[in-house]
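Peer 1: Pasting the feature list from TrEMBL:
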DOMAIN    5-420  domain 'Enolpyruvate transferase'
BINDING   Lys19, Gly91, Arg119, Gln166, Arg343, Arg385  phosphoenolpyruvate binding site
BINDING   Lys19, Ser20, Arg24, Ser164, Gln166, Asp312, Lys339  3-phosphoshikimate binding site
ACT_SITE  Asp312  active site, proton acceptor
Amino acid sequence: MKFTKSIPLKGELRVPGDKSISHRGVMLGSLAQGTTAVTNFLEGADCLSTINCFRSMGIDISRTEKEILIHGKGLHGLSAPSSCLDVGNSGTTMRLLSGILAGQRFSSELTGDASIRKRPMTRVIAPLSLMGGCVESLSGNGLAPLRITGRPLKGMHYQSPVSSAQVKSCVLLAGLYADGQTSVTEPFLSRNHSELMLRSFGAKISSKGTTATVEPEPILIGQKVEVPGDISSAAYFIAAALLIPGSELLIQNVGINPTRDGILKVCASMGAKIEILNSHTCCGEEVADLLVRHSSLKGTVIEGALIPTLIDELPVLSVLAAFAEGTTIIRDAQELKVKESNRLDIMVHHLTAMGADVEPTEDGMIITGGKPLHGGVLDSYLDHRIAMAFAVAGMAAEGETEITRADCVDISYPDFYKDLEKLKK
Ligand code: S3P
């Protein structure tokens, strides 16, 4: 896929449904009694993997034109899958599902593609083992494939070493099957979609600071879930509109949950002109329209508690930083090394290849912005967020940028390139 300096982006756009919320809608819908209807479900490869896994465990999931219908069978209604469950590229599916499977009365195996088989699973094996669960890495190296032998679980308090919603959600979901209360404390608060959705399905769950606590054996009741647009997908359009002179975009119906809105805070600190309009709550999640205008940007510091609130936006934020005046420091972002690719390394490599001034650090990078960027041939490393972030870079840089293996955007945004094209006016 090739990109050159773009003419202004103008008009209105709706990005696809939130990936995290779509996954959780299928999972909780499957464990609930009655039917759950999910509208604006993200039809990306990751969420389709979640659907396939639950279908393999006996859940009837159908599609109408406007919604996904999940015919839940209750907390104890899953049946043993006849073969290994395949999560594809999806970390959320593997880690959240591990928590659910640990408390079942059957055994199962989980695997996925080459990328997911390199990502650390000890972060879920460790807490589940503390709960009395039996989760084994089949090759004994803490990586998938995993074999999960369902067992009765003990409630516990888990002090998580990482601020990860996947770890937190895994433990909370296992806690539904435990013999007592289960709580998780994390260093900084990560996205809280599991907590919000569990509450709306009828679970007893509370949150205080960075601790979430769930009571076992709830009766979950099927719900109507309206998935807001994914702020992580909106991020590429926000960045493109900010960088391309003359642009003005209205991105409608975007989830702005405060545990996800770090990109808006960072953009504001960089001097971006973004108006938050029509803010309201839908199914417990905050939603708004974002009016974004081309802006001149300055450097900033991105660190600490902000990091989990923009973890998936760091590739595109690093692109913004390269075009901003002054220095941007990204710290505390070591989690980026274990995403779909080693994003820290690839961000540094690709930005440098485009002529940016970037210095890697242990847990982030220092970007001295304002040098003119030029195109090049950049591989996606089959990481959807790398492909989309550098597509935006290519639309603001001189010359031609080619993204190779660009189809990986199917993971979270199958129509990404088409939607970009439609806005060129
Ligand atoms: C996700 C949590 C984040 C994020 C991922 C989706 C989720 O991962 O990067 O894309 O849906 O819970 P971590 O929890 O590992 O940070």
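Cβ coordinates come from backbone N, Cα and C, glycine included.
Are these features on the surface or tucked inside, and what touches them?
Peer 2: The Cβ of Lys19 (phosphoenolpyruvate binding site) lies under 8 Å from the Cβ of Leu42, Gly44, Asp46, Cys47, Thr92, Asp230, Ser232, Ser233, Ser412, each of these being in the same chain and 6 or more residues away along the sequence.
Long-range Cβ proximity for Arg24 (3-phosphoshikimate binding site), meaning a same-chain Cβ under 8 A and a gap of 6 or more residues, is found for Leu96, Ser169, His193, Ser194, Met197.
Look at Asp312 (3-phosphoshikimate binding site): DSSP puts it in a helix. Sequence-distant neighbours of Asp312 (3-phosphoshikimate binding site) (same chain, 6+ apart, CB under 8 A from its CB) are Ser232, Ala235, Lys339, Arg385.
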Peer 1: List those of the binding-site residues Arg24, Gln166, Asp312, Arg343, Arg385 whose Cβ lies under 6 Å from any atom of ligand 1, in sequence order, or write none if there are none.
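Peer 2: Correct list: Gln166, Asp312.
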Peer 1: At the level of the C-alpha atoms, what whole-angstrom distance separates Arg343 (phosphoenolpyruvate binding site) and Ser164 (3-phosphoshikimate binding site)?
Peer 2: 16
Peer 1: At the level of the C-alpha atoms, what whole-angstrom distance separates Gly91 (phosphoenolpyruvate binding site) and Ser20 (3-phosphoshikimate binding site)?
Peer 2: 11
Peer 1: Specify the count of other C-beta atoms within 10 Å of the C-beta of Gly91 (phosphoenolpyruvate binding site).
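Peer 2: The answer is 21 other Cβ atoms.
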Peer 1: So if I measure Cβ to Cβ from Gln166 (phosphoenolpyruvate binding site) and keep only same-chain residues at least 6 apart in sequence, which ones fall under 8 Å?
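Peer 2: The answer is Gly91, Thr92, Arg95, Leu96, Arg123, Val124.
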